4 protein chains.
Amino acid sequence: MEIVEWKDRRKNRGITDSGLTHECGVFGAIGNKHWPCNSEIAQFICIGLEALQHRGQESTGIVVSEGTNDYHYHKGMGLVKHVFSNESISKLTGSLGIGHTRYSTSAKSEQVNCQPFVVHSMHGALAVAHNGELVNAAILRKQVLDRGVGLSTHSDSELITQALCLNPPDGEVNGPDWPARIRHLMQLAPLSYSLCLMLKDKIYAVRDPYGNRPLCLGVILPPNQELINGEIGNIQPEGWVVSSESCAFLSVTRYLREVLPGEIVEMTHAGLKTIDIVPPPLDKSLAFCIFEYVYFARPNSLFEGQEVYAVRVHCGMQLAIEHPVEADMVGSVPESGNAAAFGYAQQSGIPLGELLTKNSYVGRTFIQPNNRLRQMNVALKFSPILRNVKGKKIILIDDSIVRGNTVGPIIKLLRRAGAKEVHIRVASPPLKYPCFMGINIPTKDELIMNKLKNTKEFAKQVDADTIEYLSVDGLVKAVRKEIKPTTKSVGHCTACLTGEYPGGLPQELDW
Amino acid sequence: MEIVEWKDRRKNRGITDSGLTHECGVFGAIGNKHWPCNSEIAQFICIGLEALQHRGQESTGIVVSEGTNDYHYHKGMGLVKHVFSNESISKLTGSLGIGHTRYSTSAKSEQVNCQPFVVHSMHGALAVAHNGELVNAAILRKQVLDRGVGLSTHSDSELITQALCLNPPDGEVNGPDWPARIRHLMQLAPLSYSLCLMLKDKIYAVRDPYGNRPLCLGVILPPNQELINGEIGNIQPEGWVVSSESCAFLSVTRYLREVLPGEIVEMTHAGLKTIDIVPPPLDKSLAFCIFEYVYFARPNSLFEGQEVYAVRVHCGMQLAIEHPVEADMVGSVPESGNAAAFGYAQQSGIPLGELLTKNSYVGRTFIQPNNRLRQMNVALKFSPILRNVKGKKIILIDDSIVRGNTVGPIIKLLRRAGAKEVHIRVASPPLKYPCFMGINIPTKDELIMNKLKNTKEFAKQVDADTIEYLSVDGLVKAVRKEIKPTTKSVGHCTACLTGEYPGGLPQELDW
Amino acid sequence: MEIVEWKDRRKNRGITDSGLTHECGVFGAIGNKHWPCNSEIAQFICIGLEALQHRGQESTGIVVSEGTNDYHYHKGMGLVKHVFSNESISKLTGSLGIGHTRYSTSAKSEQVNCQPFVVHSMHGALAVAHNGELVNAAILRKQVLDRGVGLSTHSDSELITQALCLNPPDGEVNGPDWPARIRHLMQLAPLSYSLCLMLKDKIYAVRDPYGNRPLCLGVILPPNQELINGEIGNIQPEGWVVSSESCAFLSVTRYLREVLPGEIVEMTHAGLKTIDIVPPPLDKSLAFCIFEYVYFARPNSLFEGQEVYAVRVHCGMQLAIEHPVEADMVGSVPESGNAAAFGYAQQSGIPLGELLTKNSYVGRTFIQPNNRLRQMNVALKFSPILRNVKGKKIILIDDSIVRGNTVGPIIKLLRRAGAKEVHIRVASPPLKYPCFMGINIPTKDELIMNKLKNTKEFAKQVDADTIEYLSVDGLVKAVRKEIKPTTKSVGHCTACLTGEYPGGLPQELDW
Amino acid sequence: MEIVEWKDRRKNRGITDSGLTHECGVFGAIGNKHWPCNSEIAQFICIGLEALQHRGQESTGIVVSEGTNDYHYHKGMGLVKHVFSNESISKLTGSLGIGHTRYSTSAKSEQVNCQPFVVHSMHGALAVAHNGELVNAAILRKQVLDRGVGLSTHSDSELITQALCLNPPDGEVNGPDWPARIRHLMQLAPLSYSLCLMLKDKIYAVRDPYGNRPLCLGVILPPNQELINGEIGNIQPEGWVVSSESCAFLSVTRYLREVLPGEIVEMTHAGLKTIDIVPPPLDKSLAFCIFEYVYFARPNSLFEGQEVYAVRVHCGMQLAIEHPVEADMVGSVPESGNAAAFGYAQQSGIPLGELLTKNSYVGRTFIQPNNRLRQMNVALKFSPILRNVKGKKIILIDDSIVRGNTVGPIIKLLRRAGAKEVHIRVASPPLKYPCFMGINIPTKDELIMNKLKNTKEFAKQVDADTIEYLSVDGLVKAVRKEIKPTTKSVGHCTACLTGEYPGGLPQELDW
């Protein structure tokens with residue numbers, strides 16, 4: 001039954017499996033008690049969401065509160081800059097709020113699925129923004145439906161919202177105990193989410209017990225003040241923020257720390273407070289998504305105390321160690337392979353240079369192109385730089401290869417531009433398994449390394465001289481190289497590479 | 001507390017009290033077992049909704065089912081002809097479905113409020129289309145919230161939907177008993193609604209126990225067949241329909257009968273079946289909204305066995321008896337007063353003719369017009385016909401007067417066109433009280449006859465020679481004149497005219 | 001060659017020949033020297049265009065001037081109320097301006113064809129709004145092209161504009177002599193147009209020498225002042241207006257007179273001045289389009305000193321004289337036949353009443369409806385009033401019948417509603433010939449009375465008891481019945497009815 | 001008078017002087033005689049325009065011909081991918097066509113200004129796409145207006161079109177001699193343009209006599225065939241293309257050569273033919289815009305036989321020679337400074353690395369942001385890479401600095417990220433003069449190096465350790481370094497850097 005449910009969920013979300021896609025970004029902000037109750041908090045969140053736009057371009061939304069149950073919100077399909085006009089922002093008055101960006105392509109009912117999700121409950125208004133995917137959504141959904149609740153969408157957000165509204169099993173005597181409800185939900189559904197919940201005058205920032213999805217905290221500084229050794233000290237902050245990634249902490253905002261796996265942080269006008277830390281189920285270890293490092297996050301974001309860019313450089317260096325090759329120049333598929341190419345060049349001593357230039361305006365696709373037009377469309381996106389390619393032996397670095405559709409045409413372009421040798425180096429291991437924790441991965445049959453015997457066959461197919469991947473061990477090593485010993489309980493999810501799911505999950509599924 | 005709630009509901013719906021507005025139209029259709037499972041049923045419903053467009057122009061939606069729980073729907077803001085494109089219709093494949101048109105002006109969250117409302121419940125998918133207004137929404141809302149359900153809108157539709165999903169008090173042993181749930185809801189909330197509920201392969205057509213809102217049933221005939229004495233007889237129908245008004249029964253569709261007050265009709269691929277008839281609370285009588293006759297319904301619709309047009313002619317005749325006056329010509333404010341003017345002319349023997357012509361394209365309004373522009377805008381809507389006005393004593397019939405804003409400018413136009421005398425006759429009594437059953441009536445202070453001593457003062461204010469209204473008794477008499485004795489248990493709601501609410505309702509409210 | 005040209009013009013305009021369509025409305029206004037130079041003149045014109053909206057719903061535009069060559073304009077596809085927002089209007093600052101509404105369905109380049117057309121010439125800016133159609137456009141177009149001018153559209157407006165810009169044949173010594181240029185154009189192209197030309201601080205109102213299209217003048221009165229016997233007298237007007245029809249003279253604006261056939265009226269901040277009156281070519285008489293009376297104009301407009309409504313009543317009376325029949329009730333196809341039905345009833349003594357009610361929201365059409373849906377769509381537009389139809393002998397009056405597509409379905413509806421006899425009376429003669437002067441008439445083969453032997457055959461085909469048309473003589477008689485003897489040189493174009501074209505035009509064409 | 005005209009032109013084009021902006025891209029394609037007459041040529045052009053999108057994002061258009069005078073076109077505001085839907089493309093059937101992309105922000109009449117411009121002339125239809133700006137537009141405009149032509153826009157395209165339509169001075173006896181007309185226009189207006197003209201079944205590709213704007217030719221190869229030494233040889237091409245830049249020659253299309261300065265190339269279904277080469281006025285030398293190398297062109301485009309990327313690398317190398325500095329790392333402002341940074345690193349031996357990462361989704365701007373929000377918005381676009389910045393001495397390379405608004409905030413970000421020293425190196429000389437040949441440059445007062453004494457003052461103002469520019473001689477040297485001796489008559493316009501205009505142009509203007 002669950003298998004059906006998995007397939008159904010994907011179908012119902014209109015997933016077309018066109019590549020790796022993120023599962024969203026969340027951002028919340030709350031001013032201190034002096035923060036003016038105008039639209040500035042909404043603008044603040046809006047800028048934060050733009051910095052998280054890479055995590056989802058399908059839809060976006062912001063909900064703000066003036067500290068009462070009368071929320072203002074605006075949601076819509078498309079990019080942050082298109083959904084929020086000056087007019088729509090100006091109506092979002094408040095002193096706290098949460099926002100969301102959502103991934104993927106659209107289906108007929110998508111407008112309904114825009115987050116944050118808002119409901120009126122018997123204990124006031126509740127808004128929910130969610131990054132991740134409930135692994136046991138089917139079970140939780142059944143529980144909610146069995147209580148007699150109708151669900152109007154297939155989204156995890158609505159499910160989480162209604163699950164929080166239903167009484168906690170042991171009842172509540174003196175009004176609602178939201179932390180208890182959140183804790184209860186986390187026990188029912190330990191994987192995977194980073195959540196922002198808004199309740200009247202509070203925001204709860206919650207990360208699942210496995211720490212699978214990222215979430216971090218920041219502080220809004222007063223003018224001309226600065227953290228000392230990363231500590232607030234005597235500063236009176238102007239407000240606090242929570243974000244999927246620290247790349248959204250801009251200008252006056254400073255990074256404080258990550259929300260810990262399983263942590264419930266209460267954000268009020270007075271500051272941040274840890275309410276509880278829910279551990280993962282017995283005998284399970286932490287499982288932060290390793291692909292956040294490899295592919296999803298912005299290079300300047302911080303996870304586990306280190307910069308993503310630095311990790312990617314280490315991946316490139318490790319790749320040079322594992323798969324060296326003689327060449328005249330190392331370059332990347334812009335811009336995703338830049339950091340790894342830098343690392344590979346540094347480790348190997350081969351000069352670093354641009355091999356391809358990218359056209360950022362590309363987008364038109366024709367319904368039924370003939371072959372001539374189809375080839376032109378591919379060529380439109382990347383163009384070889386003759387100076388660095390012609391007559392040269394080159395190493396082209398990419399961060400990952402999913403279906404392998406693009407590498408062939410790119411090599412063709414490079415060959416036609418006169419490349420003498422083309423060596424492909426991939427700064428992560430081959431993708432082989434599905435993700436049930438918020439990342440869309442194409443079906444098994446579409447993953448290139450499930451279709452081919454080995455990288456030799458792959459190289460032959462796409463006319464590369466060689467193709468080599470980083471090993472799983474190499475990746476883990478690169479990821480952990482700079483993590484400080486003080487960082488608690490490190491653990492990474494490599495399920496899509498190894499099939500080893502956190503919590504011993506459904507790797508037996510015929511996905 | 002309830003008072004607050006009433007005000008809040010209106011505020012939350014973005015009601016701007018700009019005039020009398022309808023509360024929606026509902027339409028449902030189901031084919032027989034041979035009906036093809038393509039988009040024809042949706043097109044069928046679409047045309048039906050266009051015929052009900054006068055009941056609501058704000059938003060519209062259609063939900064169809066292929067007999068499973070996998071519904072297809074499309075909803076949007078605006079007129080039926082704008083919301084449904086050939087493309088969007090083509091995706092609505094099924095063999096049964098329900099649709100809705102909604103009234104009024106827009107507020108920020110209106111998209112969310114488009115009906116039909118659809119949820120997935122533990123017992124399958126449920127779609128609800130609703131015309132009316134729950135008088136005790138506050139109480140019902142509290143009950144639903146107390147059960148731990150979060151409500152995402154302020155709409156009665158969502159409230160009804162969740163109320164139906166929650167278990168009935170006495171539990172269900174062998175799966176869901178939807179009729180029992182509907183019955184239970186009707187007992188909790190006896191006023192006011194006409195509902196179309198779709199459940200997988202069935203539609204339930206439900207009218208509230210007071211019969212406050214209209215709802216009627218029809219049949220889709222095979223080619224070249226016809227009802228005999230209004231009976232189906234041996235005909236094998238191609239399908240069945242349910243509609244707020246019979247004006248939506250077009251071409252191949254025939255009127256069968258009204259859904260009775262309190263009746264639950266089950267519509268399946270096999271036909272219509274009465275499941276139950278829930279009576280109104282003890283000692284209460286039926287209360288069909290008399291303003292459906294006066295103002296809302298299309299003239300060719302049938303209620304209680306009679307044509308609305310005929311009732312309006314009787315109103316005009318009664319008006320001529322109650323308030324005769326000598327004149328050269330009787331005419332109407334087009335087109336709402338046409339039938340009553342016809343009746344007045346017939347009864348009085350005064351010739352019937354066009355006094356005003358209406359510009360149907362009007363619409364632009366300027367933000368801050370000066371006086372010159374404001375006057376032009378009024379003059380743009382109605383223009384006097386010189387031939388019938390100049391040098392003549394005229395009687396101008398309107399169906400109702402709410403605020404009295406338009407009558408003054410119209411009389412000015414007629415005077416300038418050379419009218420010798422202008423007598424205003426209104427084919428319904430003065431509006432004096434609010435409606436809590438689905439009609440938006442401006443606030444007490446805005447109703448013209450609450451502001452003035454008598455019709456003499458009114459006439460003086462707007463420069464009419466005389467202004468007279470039909471009496472309440474006269475209206476009731478006109479309405480009942482042709483109702484056949486066989487029609488069961490007649491009863492009409494005149495609350496907005498008399499303050500006598502069905503069920504002894506909140507006339508003490510400080511609205 | 002010209003024949004090809006005619007067909008091409010129609011093709012190029014995207015004409016789909018779907019019925020009779022207007023050729024546009026023009027409206028101009030100029031304030032006196034105290035008129036403020038803000039956006040009021042544009043709002044004034046905007047309201048005027050709304051009153052002329054029935055003359056064209058395809059596109060609209062307004063150009064205003066502050067008295068310099070720096071014009072402001074806004075044009076767009078659609079209704080006046082949709083094209084002009086408060087924002088777009090607010091930018092149209094000036095003290096004089098002209099506007100336009102355009103008919104018909106759209107083709108790919110329609111945006112380009114929106115009027116008024118504006119160019120910069122060596123003698124300043126020129127704006128042109130045009131109602132009508134140049135009969136000898138092909139010749140004039142060749143003349144303009146031969147002078148080496150490129151034309152970017154197929155519109156007569158651009159052609160007129162460029163023809164006016166080219167030097168007049170005899171040259172100009174002291175700057176441009178616009179009246180001479182206009183006169184020259186009128187001699188080259190005597191048929192058919194009503195024009196508003198704006199040149200810096202002047203508007204020229206021009207009607208073609210045949211007087212084929214209507215155009216009239218009005219005055220904007222100061223507050224609380226009134227014309228005496230239709231004369232301005234000592235009043236200091238606030239401004240002057242020109243319009244296709246007087247129905248656009250609202251509130252503060254009063255009708256003065258028609259622009260005479262061939263007249264060039266100069267409108268300045270100081271008032272109106274006749275510059276010249278160009279006679280029609282030798283031996284030709286005036287030819288005001290008789291279908292303006294029958295069909296196009298609003299009933300309250302004035303032509304040749306009489307109200308259109310009154311003429312239509314006379315048509316109905318004449319029809320009753322020519323084609324009497326016994327019946328219980330006379331009614332119209334709303335709303336176009338209203339006036340004639342009134343006349344028929346008055347002449348015949350048969351009671352007047354509503355037989356059909358019209359649904360004004362209709363609009364959706366499906367791409368490939370089956371028969372069931374097609375019939376429903378027709379039924380959606382008109383519904384019979386049982387009270388006046390059932391068991392009755394009825395006479396249904398329409399103003400004209402073009403293709404005869406609608407009359408059959410309407411009779412079917414009336415029969416099904418129980419009509420005992422249905423007699424169709426048409427208040428104009430059968431359409432038999434094409435118009436080359438601005439009206440779109442379907443092709444010869446589509447005109448119903450070109451396809452059938454006689455009205456008996458027609459009646460049989462559509463299941464009417466009888467169908468009869470007004471005679472051409474009867475129409476002319478009705479039109480001229482009330483024209484005052486003081487009205488100069490009456491003459492009407494009946495080409496579409498008789499094939500007799502003004503100027504002996506191309507009736508030999510194989511259109 | 002001309003000065004006024006210059007200012008007016010800019011005003012009329014709605015130029016807001018917000019930075020350096022391109023003047024457009026042109027693209028044309030014609031199939032051989034076997035090319036199918038469907039929408040493929042339009043799709044072909046559409047992809048070509050996407051590759052030229054960097055030259056203009058304001059509007060775009062395509063005109064195609066089936067070899068007759070009946071052109072099909074589609075134009076609109078916005079990016080290529082938004083303007084052309086599959087539906088609009090499918091209507092553009094033909095075997096030859098031209099397209100255009102246009103730069104800049106919008107003004108009210110912009111829709112009118114979309115190119116290509118199409119007119120019907122006495123000798124058939126003419127379509128014009130134009131990149132550049134007519135230096136003597138005022139004179140040419142007066143000539144056209146004096147001939148009695150009205151111009152509906154202020155665009156050079158319309159002006160060129162009408163000038164071509166007017167007879168050539170010496171008349172034409174046997175039909176139109178388009179090459180003679182083009183030649184005549186080139187003599188009247190020698191600066192600056194690259195043109196694509198379509199006439200029925202031909203395209204003329206024209207470059208101005210100074211060679212100021214780029215234009216090049218390509219060939220569409222049959223499957224599996226390839227040029228030998230850049231020559232067509234025995235290959236039967238499938239078609240021919242012309243483009244502003246060779247970066248638009250994709251996949252099956254190969255670069256042949258540049259259109260020579262002053263050359264008129266006729267493109268027919270049979271191939272390419274040089275009609276004439278019009279020399280620049282006496283004593284004038286060629287003047288190819290040097291900023292095409294510095295800033296505008298895509299790095300993979302070819303000008304004068306060399307790759308733009310290579311020239312930019314030389315600029316970086318030359319910059320390292322002229323302004324060396326000790327540092328730990330060289331990086332660029334992505335992506336415009338990439339090639340120069342590569343050159344600087346190579347020449348200096350300092351490691352190359354990413355210092356900043358760019359957020360490509362940025363776009364929202366708030367109407368009245370407070371200071372906090374304004375700073376966040378700047379920080380949103382570029383983020384420092386800690387790994388390469390913290391504790392390091394860095395050199396940041398940009399291709400050019402116009403107003404100097406961004407460099408300050410970027411240095412602030414780098415300092416806050418821990419940079420020890422920040423040295424700015426600009427790979428082109430300071431902009432000091434206006435361009436009248438198609439590039440929008442801010443007003444004199446806004447150019448940073450016109451406001452400051454020297455680079456020391458600049459460095460101090462923005463908190464850089466040092467700022468240095470490439471010299472004019474250094475730039476010219478870098479540009480000419482690899483031009484083959486066989487390339488004819490090299491000459492570059494450096495007017496914006498030196499004030500020396502080609503043709504001794506209006507450097508005395510008070511711009």
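Using the three backbone atoms N, Cα and C, a Cβ is placed for every residue, glycine included.
Any TrEMBL annotation is an automated prediction that lacks curation.
Of the residues D:SER301, D:SER336, D:SER471, TrEMBL places D:SER336 in the same Mg(2+) site as D:ASP398, D:ASP399.
The record from TrEMBL ties D:CYS289, D:CYS493, D:CYS496 to [4Fe-4S] cluster, and of the options D:CYS247, D:CYS315, D:CYS435 it ties D:CYS435 to that site too.
Other residues of the same chain near the Mg(2+) site, with their Cβ within 8 Å of the Cβ centroid of D:SER336, D:ASP398, D:ASP399, are D:TYR295, D:SER332, D:VAL333, D:GLY337, D:ALA340, D:ILE397, D:SER400, D:VAL426, D:ALA427.
Within 10 Å of the Cβ of D:SER336 (Mg(2+) binding site) there are 17 other Cβ atoms, across all protein chains. Secondary structure at D:CYS496 ([4Fe-4S] cluster binding site), taken from DSSP and collapsed to helix, strand or coil, is helix. Cβ proximity to the [4Fe-4S] cluster site centre (mean Cβ of D:CYS289, D:CYS435, D:CYS493, D:CYS496, cutoff 8 Å) flags the following additional same-chain residues: D:ASN212, D:ILE290, D:PHE291, D:MET437, D:ILE439, D:THR494, D:ALA495. D:CYS289 ([4Fe-4S] cluster binding site) sits 16 Å from D:ASP399 (Mg(2+) binding site), taking the Cα positions as reference. Nearest in space to D:CYS496 ([4Fe-4S] cluster binding site), taking C-alpha to C-alpha distance over the recorded positions D:CYS24, D:ASP398, D:ASP399, is D:ASP399. With respect to their backbone Cα atoms, D:ASP399 (Mg(2+) binding site) and D:CYS493 ([4Fe-4S] cluster binding site) stand 18 Å from each other. Predicted-model confidence for the domain 'Glutamine amidotransferase type-2' (D:24-270) is 90, expressed as mean pLDDT.
Look at D:CYS435 ([4Fe-4S] cluster binding site): DSSP puts it in coil. The shortest Cα-Cα distance from D:CYS24 (active site, nucleophile) to any of the binding-site residues (D:SER336, D:ASP398, D:CYS435, D:CYS493) is found for D:CYS435. Of all the binding-site residues listed (D:CYS289, D:CYS435, D:CYS493), D:CYS289 sits in the most crowded Cβ setting, with the most other Cβ atoms within 10 Å. Using a 10 Å Cβ-Cβ cutoff, D:ASP399 (Mg(2+) binding site) registers 24 neighbours.
Annotation for D:ASP398 (Mg(2+) binding site): same-chain Cβ neighbours under 8 Å, separated by at least 6 residues, are D:SER332, D:VAL333, D:SER336, D:GLY337, D:ALA340, D:VAL407, D:ILE424, D:ARG425, D:VAL426, D:ALA427. When secondary structure is read from DSSP and collapsed to three states, D:CYS24 (active site, nucleophile) falls in the coil class. Other Cβ atoms within 10 Å of the Cβ of D:CYS24 (active site, nucleophile) number 27 in total over all chains.
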